[in-house]
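S.K.: Copied straight from TrEMBL:
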type: BINDING; residues: R8, H9, G10, E11, T12, K13, A14, N15, R58; note: substrate binding site
type: ACT_SITE; residues: H9; note: active site, tele-phosphohistidine intermediate
type: ACT_SITE; residues: E82; note: active site, proton donor/acceptor
Amino acid sequence: MLKLILVRHGETKANVDKLYSGWTDFPLTDRGKEQVKNLLEILSRENIDVIYSSPLSRTLVTAEIISKHIGKKIYVNEKLKEMNFGIFEGKTYKEISKTYHLEWEKWISDNIKYRIPNGESLMDMYNRVTQFIDELKDKDGTFLLVTHAGVIRIVITYLLNLNIDEMWHFKILPGGLVEILYENDFGVLTKLI
């Protein structure tokens, strides 16, 4: 049986300021580091075989805090990056709706298929993330993925056989943890913290 433990990075300044951060690197705040440390007791009770992390610094720092505590090596994978928000990166939704009104309207009306200029569509991200998950689906063991809210939502919908547009029903807070058990093409969400 596959056990996936998905951890969202701790809080960043982009989270505090409500910025679209995607592929833009923002460091963890002190609160973000504390959020990660609060997960260490839970994670130390798991028999984690491998840690995978997005290459962005907010996830790598999160993974390093965990790695030091449980003594496992980190494997970085590009497919675990958050969505590339292109021209929306580093801006609030209010700034985007004013500065890039037409692009914002297109994205709001079809945020699954619309590819943000200089970025990607949600479907691009979905395909990237599910390719990575397909490499793990038939393995036995416990795998920790340190990643982003969008990636975690996609993994949940994919392994629970939900439609991609249902991903918005899952709120993944900074420093949040999700656990999914997967066997014989059937996923069960067992934790959402």
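For all residues, glycine too, the Cβ spot is worked out from N, Cα and C.
TrEMBL entries are annotated by machine, without manual review.
Tell me what's around each of these sites.
M.R.: Cβ neighbours of R8 (substrate binding site) (same chain, under 8 Å, six or more residues apart in sequence): T147, H148, A149, I152, I172, L173, P174, G175, G176, L177.
In sequence order, L28, G32, V36, S54, L56, R58, T59, V61, T62, V146, T147, H148, P174, G175 constitute the residues six or more apart from H9 (active site, tele-phosphohistidine intermediate) in its chain with CB-CB distances below 8 Å.
Around the Cβ of E82 (active site, proton donor/acceptor), a 10 Å sphere holds 23 further Cβ atoms from the protein chains shown.
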S.K.: May I ask for the distance between A14 (substrate binding site) and E82 (active site, proton donor/acceptor), taken between their Cα atoms and rounded to an integer number of Å?
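M.R.: Per the Cα atoms, A14 (substrate binding site) and E82 (active site, proton donor/acceptor) stand 13 Å apart.
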S.K.: Could you name the residues, excluding R8, H9, G10, E11, T12, K13, A14, N15, R58, of the same chain that surround the substrate site, i.e. Cβ within 8 Å of the Cβ centre of those residues, in sequence order?
M.R.: S21, F26, L28, T29, G32, P174
